[in-house]
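Shown next, in structure tokens, is the structure this report addresses.
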Amino acid sequence: MLQKMTMKDLDLKGKRVFCRVDFNVPMKDGAVTDDTRIRAAVPTIEYLIDNGAKVILASHLGRPKGEVNEEMRLAAAGARLSELLHKEVKSLQESVGETVENEIAGLHEGGVLLLENVRFHAGEEKNDEELAKSFAGLADVFVNDAFGAAHRAHASTAGIAKHLPAVSGLLLEKELDVLGKALSQPERPFTAIIGGAKVKDKIGVIDHLLDKVDNLLIGGGLSYTFLKAQGHEIGNSLVEEDKLELARTFLKKAEEKGVKFYLPVDATVASEFSKDAETKHVKIEEIPADWMGLDIGPETADLYRDVIKNSKLIIWNGPMGVFEMEPFANGTRSVAQSMAETEGYTVIGGGDSAAAVEKFEVADKMDHISTGGGASLEFMEGKELPGVSSLTDKK
Ligand SMILES: Nc1ncnc2c1ncn2[C@@H]1O[C@H](COP(=O)(O)OP(=O)(O)O)[C@@H](O)[C@H]1O
Ligand SMILES: O=C(OP(=O)(O)O)[C@H](O)COP(=O)(O)O
């Protein structure tokens, strides 16, 4: 249970509400190409409208490094939100200052404004006190619904919370509830699937999960560091040499804890890192010296399917191979399908895995797809999220 105040703990009627959302959506040629994050924020925005709040939305988009960047304006996201709400959403060209104050003064109950990209101010990512106070000065209440940015201690996520009653939005609450329950009272067998490219980025997660799970399935580029640590020839596959010792420590910890640690038993290897490369399937002991592993093989996919099917709770973070290139997409496709077929409760930890279940058209079969990649990873590492810890404690 979230020990922080939520929107439901406050009377919002007539209140100016600064609501931080994560509208950091993919864009192409000025248009939003995936509106998942905007749709995910709609229940909170509708709740605010229905309860008579004056809604001031704020978000970042991309990494403009503290300067105005024409390609990172939020107006297109605002237009999409307006379609989803069937209601006017006015997109402003600033996030603080006189124009913004005047617009807010003219806002009626249930009205919605979208401020400009907060990262156009250098103070945002520095969690600058003055900027945080300026944001707070615009409103009576702060609602944080930006789960995707909850791992960032920025002026509009954590700084502002010091100056206003600060409560969680519905999306933030749901994300914390699902991920929190999964990790604190998991249904068993509990399986985590970890893939992706870098061991370095997943160390904390693997370490933390080893204390929680029954099965750990490893795939993607990071499996080769473990395979090498076990003494396998891995050819030109991705490896982090300085993490071999750590990989051995994890294998040992798994053994001590009775966690079943699965590594690929076969692979799709390629002559080079290219979709046009020559490819073949090999057993994991038979990776040729100058080839590289770019996907788990069919035997591994079958093995992982069985584990997934026999689990009650499965968390997936990181692709099994270079799924952006079709010759190396099968392993990730197979895991996505196994996740769709299992009766267990399935949680997707954002980022590339969320993109993969979309690509393989099984997103609607998942029980929960997190809107945060980095945020869900940090949560799974057991780290405190500043966007959450800064909220007002429940009385
Ligand atoms: N065997 C592999 N060799 C090299 N890169 C890989 C391999 N398997 C997966 N990848 C790449 O890993 C990337 C995702 O890694 P990462 O950022 O760690 O995952 P996530 O975004 O899910 O956290 C993908 O772009 C994918 O192409
Ligand atoms: O897209 C985001 O992160 P994610 O890709 O890890 O989910 C969030 O909006 C945070 O963005 P940031 O990583 O630029 O701080």
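Placement of Cβ uses the backbone N, Cα and C atoms for every residue, glycine included.
Just so you know, TrEMBL annotations are computer predictions that nobody has curated.
Residues or ranges marked as substrate binding site by TrEMBL: Asp22, Phe23, Asn24, Arg37, His60, Leu61, Gly62, Arg63, Arg119, Arg152. The ATP binding site feature in TrEMBL is assigned to Lys202, Gly293, Glu324, Gly350, Gly351, Asp352, Ser353.
Listed in sequence order, Gly148, Asn317, Ile369, Ser370, Thr371, Gly372, Gly373, Gly374, Ala375, Ser376, Leu377 are the same-chain residues six or more apart from Gly350 (ATP binding site) with CB atoms under 8 A from its CB. Max Cα-Cα distance over the annotated ATP binders (Lys202, Gly293, Glu324, Gly350, Gly351, Asp352, Ser353) is 24 Å.
Asp352 (ATP binding site) sits 15 Å from Asn24 (substrate binding site), taking the Cα positions as reference. Its Cβ placed at the centre, Glu324 (ATP binding site) has 14 other Cβ atoms within 10 Å. Closeness to ligand 2 is met by Asn24, these being the binding-site residues among Asn24, Gly62, Gly293, Glu324, Asp352, Ser353 whose Cβ falls under 6 Å from the molecule.
Taking the binding-site residues Asp22, Asp352 in turn and counting surrounding C-beta atoms within 10 angstroms, the largest count is reached at Asp22.
Within 10 Å of the C-beta atom of Gly351 (ATP binding site) sit 19 other C-beta atoms, taking all shown protein chains into account.
Straight-line distance linking the Cα atoms of Asn24 (substrate binding site) and Gly351 (ATP binding site), rounded to a whole number, equals 12 Å. Spatially, by CA atoms, the binding-site residues Lys202, Gly351, Ser353 include one closest to Gly62 (substrate binding site), and that is Gly351. Candidate binding-site residues: Asn24, Ser353. Fewest other C-beta atoms within 10 angstroms, Asn24.
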